[in-house]
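Colleague: Feature table excerpt (Swiss-Prot):
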SIGNAL    1-20  signal peptide
DOMAIN    21-493  domain 'Sema'
CARBOHYD  ASN63  N-linked glycosylation site
CARBOHYD  ASN66  N-linked glycosylation site
DISULFID  CYS87-CYS98  disulfide bond
CARBOHYD  ASN132  N-linked glycosylation site
CARBOHYD  ASN198  N-linked glycosylation site
DISULFID  CYS260-CYS367  disulfide bond
CARBOHYD  ASN283  N-linked glycosylation site
DISULFID  CYS284-CYS326  disulfide bond
CARBOHYD  ASN369  N-linked glycosylation site
DISULFID  CYS496-CYS512  disulfide bond
DISULFID  CYS506-CYS521  disulfide bond
DOMAIN    526-634  domain 'Ig-like C2-type'
CARBOHYD  ASN534  N-linked glycosylation site
DISULFID  CYS618-CYS654  disulfide bond
CARBOHYD  ASN629  N-linked glycosylation site
COMPBIAS  673-685  compositional bias 'Polar residues'
REGION    673-697  region 'Disordered'
CARBOHYD  ASN679  N-linked glycosylation site
Amino acid sequence: MAAKLWNLLLVAASVHLVGSVEQLHQDLIHEFSCGHKYYRTFHLDEKRESLYVGALDKVYKLNLTNISLSDCERDSLTLEPTNIANCVSKGKSADFDCKNHIRVIQPMGDGSRLYICGTNAHSPKDWVVYSNLTHLQRHEYVPGIGVGIAKCPFDPEDSSTAVWVENGNPGDLPGLYSGTNAEFTKADTVIFRTDLYNLTTGRREYSFKRTLKYDSKWLDNPNFVGSFDVGEYVLFFFRETAVEYINCGKSVYSRVARVCKKDVGGKNILSQNWATFLKARLNCSIPGEFPFYFNEIQGVYKMPNTDKFFGVFSTSVTGLTGSAICSFTLKDIQEVFSGKFKEQATSSSAWLPVLPSRVPDPRPGECVNDTELLPDTVLNFIRSHPLMDGAVSHEGGKPVFYKRDVLFTQLVVDKLKVNLVGKNMEYIVYYAGTSTGQVYKVVQWYDSGGLPQSLLVDIFDVTPPEPVQALHLSKEYKSLYAASDNIVRQIELVMCHHRYSNCLQCARDPYCGWDRDSNSCKSYTPGLLQDVTNTSANLCEHSVMKKKLIVTWGQSIHLGCFLKVPEVLSSQTISWVHYTKDKGRYPIVYRPDKYIETSEHGLVLISVTDSDSGRYDCWLGGSLLCSYNITVDAHRCSAPGRSNDYQKIYSDWCHEFERSKIAMKTWERKQAQCSTKQNNSNQKTHPNDIFHSNPVA
């Protein structure tokens, strides 16, 4: 009976739990916070060793080496909102909506000046300041600065994007490109370029350009996530209601839009609007006969000095949650913009590709020296046909990585080149922030056949439980910078020694290598063990924990490789194998009366006998995690030979248990008597009492 009860308890304890996220070592983290300030905008300037953070009524300048050394007052610029009363009178909250949330920080020229735009109590306003966060001198007036409408949002909760472009604009004059809401009511969303001024004379040379107002074919309730200056174009990434799907129901698609930097609009048609605006769908999906789409882009990153764009996408937040990382090339994007256009003949018609014979010349959307010279046929076509028929395919035809029950919010990417046994390996490392304040670290490489492969290397907390609102990476300072509404954290990219205690995990991190001499994880240098691609099954075998145990007959024992299984390994198949002289090698099949799997993928052996002797190996795929050599000592506790022996042992156990119960009751009775005497004693006045009752008549 007791044995059955013990087995049931073990079974209950073996219920599978989700793998744990191991906390980062404190030496890997620096942090900065001045309270609940909504830190949502980053601009990183390695030249000035600074991370600029846009927050509530403030811009902070943090030390890139160690953000903890920064001071809330000394290293900040205060930009108080104006006309708060008017904002409150419109039904907005004084403590959040009617503050000045800084949403744009962009370098101007060589970076010695910064362009800043904030919500300013639902009345957007912009500034130009020095990079040391001091205001310009009075004589350094910058024309066109002061009103931030269409440059950053009214509502601090609205998504927006902006990029300052120095070169390639009309007259080669600098200006801001933005994607945001341009009205208090949010009815007018816009992709916008500011008026272009000659900064020497202060004269306006070119008027602003924008998307067509209130036209769902151009923009339909977009959420902007990024914008980039790329050659003769500016690219915008966003998600919006899919106008081409509206007849079948409401759905959201991810988009990339393109405008030419030299665009000055049309002469009579589209005179204030873009004459080169095009947009296309971004395809991030799991391939198959019926592809599974991650339709909603949440964040985008362009790796410096490359033509690659990396995005995090999610399923609809109203359904089952899932997220994916997909990559796109500029070449694939441009090919779609050079392809067929899409149109809807009538409001009830299906959206179909436009026949090539109906596309005017010069081709709509192509960059020309002067868009005012474009014929009306081209301008009318672009006005009614901004959408391309094809979708931009993701690299490799599949996501880099995808995961259910996770919402990715931000993404940054690093590239590593490693000399591995005379062979140069290139790894792309993705850091994806989540809505619960974690970062997923994924590594990608190309196999010998040129096919992309990826592996989840680590998961760690950065801002739990709050979402990661901003994320940036510095190769020079070897740090990852993440922000939530409450805190900014800096995490070292190379976290080997403080992160991995075993060879298996260490060897899978492209920044790290296992030192067999010191039996520790170090920053990778040639000669250390590394196996990111998981092709060397026996690489870590010499470092595997191997133990010898001598157990007595009838004893139950626990074999395990981890105190806590890292979450990155929790979803992988971990198996146990038993080696004996008689049976050879055979896999352990779990059953409640003999072999029980623990929540950390350990193994419990119930009531061992001679046949349980031998070696027990724990495997993760083709990698050995740990090994135990078990010897059953039958001399110290021999097996009962007959049923009478079992009955005698059981009877002895029952008598012992009964004696223990009697002893416990005796102790409880005496304890109660002592308590009663103590209470009676405390009620009497002691002659040495310092305080006593002495009522005054």
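For all residues, glycine too, the Cβ spot is worked out from N, Cα and C.
Tell me about the surroundings of these features in the structure.
Modeller: Secondary structure at ASN63 (N-linked glycosylation site), as computed by DSSP, is strand.
Counting only same-chain residues at least 6 apart in sequence, those with a Cβ under 8 Å from the Cβ of ASN66 (N-linked glycosylation site) are HIS30, GLN490.
Within the same chain, the residues at least 6 positions away from CYS87 (disulfide bond) whose Cβ sits under 8 Å from its Cβ are PRO81, ALA94, ASP97, CYS98, ALA121, HIS122, SER123, listed in sequence order.
ASN132 (N-linked glycosylation site) falls outside any helix or strand according to DSSP and counts as coil. Counting every protein chain shown, 12 other Cβ atoms lie within 10 Å of the Cβ of ASN132 (N-linked glycosylation site).
Secondary structure from DSSP puts ASN198 (N-linked glycosylation site) in a beta strand.
Secondary structure at CYS260 (disulfide bond), as computed by DSSP, is strand.
Other C-beta atoms found within 10 angstroms of the C-beta of ASN283 (N-linked glycosylation site) number 23, with every protein chain shown included. Mapped onto three states, the DSSP output places ASN283 (N-linked glycosylation site) in strand.
For CYS326 (disulfide bond), the number of other Cβ atoms no farther than 10 Å from its own Cβ, over all displayed protein chains, is 26.
Within 10 Å of the C-beta of ASN369 (N-linked glycosylation site) we count 8 further C-beta atoms, all protein chains included.
Secondary structure at CYS512 (disulfide bond), as computed by DSSP, is strand. Around the Cβ of CYS512 (disulfide bond), the number of neighbouring Cβ atoms within 10 Å comes to 25.
Cβ neighbour count for CYS506 (disulfide bond) (all protein chains, 10 Å cutoff from its Cβ): 27.
Summarised by DSSP class, the composition of the domain 'Ig-like C2-type' (526-634) is 10 helix, 51 strand, 48 coil.
Other C-beta atoms found within 10 angstroms of the C-beta of ASN534 (N-linked glycosylation site) number 16, with every protein chain shown included.
For CYS618 (disulfide bond), the same-chain residues that are 6 or more apart in sequence and have a Cβ closer than 8 Å to its Cβ are LEU559, CYS561, ILE574, SER575, TRP576, HIS601, LEU603, LEU624, LEU625, CYS626, SER627.
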Colleague: Near CYS284 (disulfide bond), which residues of its chain come within a Cβ-Cβ distance under 8 Å, counting only those 6 or more away in sequence?
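Modeller: Looking at Cβ-Cβ distances below 8 Å from CYS284 (disulfide bond), excluding near sequence neighbours, one finds SER254, TYR293, PHE294, ASN295, ILE297, GLY311, PHE313, ALA324, CYS326, HIS394, PRO399.
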Colleague: Could you check which of the recorded positions (CYS260, CYS521, ASN629) sits closest to CYS496 (disulfide bond), going Cα to Cα?
Modeller: CYS521
Colleague: Pick from CYS98, CYS521: which of these disulfide-bonded residues has the biggest number of other Cβ atoms within 10 Å of its Cβ?
Modeller: CYS521
Colleague: Please report the number of other Cβ atoms within 10 Å of the Cβ of ASN629 (N-linked glycosylation site).
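Modeller: Looking across every protein chain shown, the total is 15.
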Colleague: If you count, for each of the disulfide-bonded residues CYS260, CYS367, CYS496, CYS654, the other Cβ atoms lying within 10 Å of its Cβ, which residue has the minimum?
Modeller: CYS654
Colleague: Measuring Cα to Cα, how far is CYS521 (disulfide bond) from ASN534 (N-linked glycosylation site) in Å?
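Modeller: On Cα coordinates alone, these residues lie 17 Å apart.
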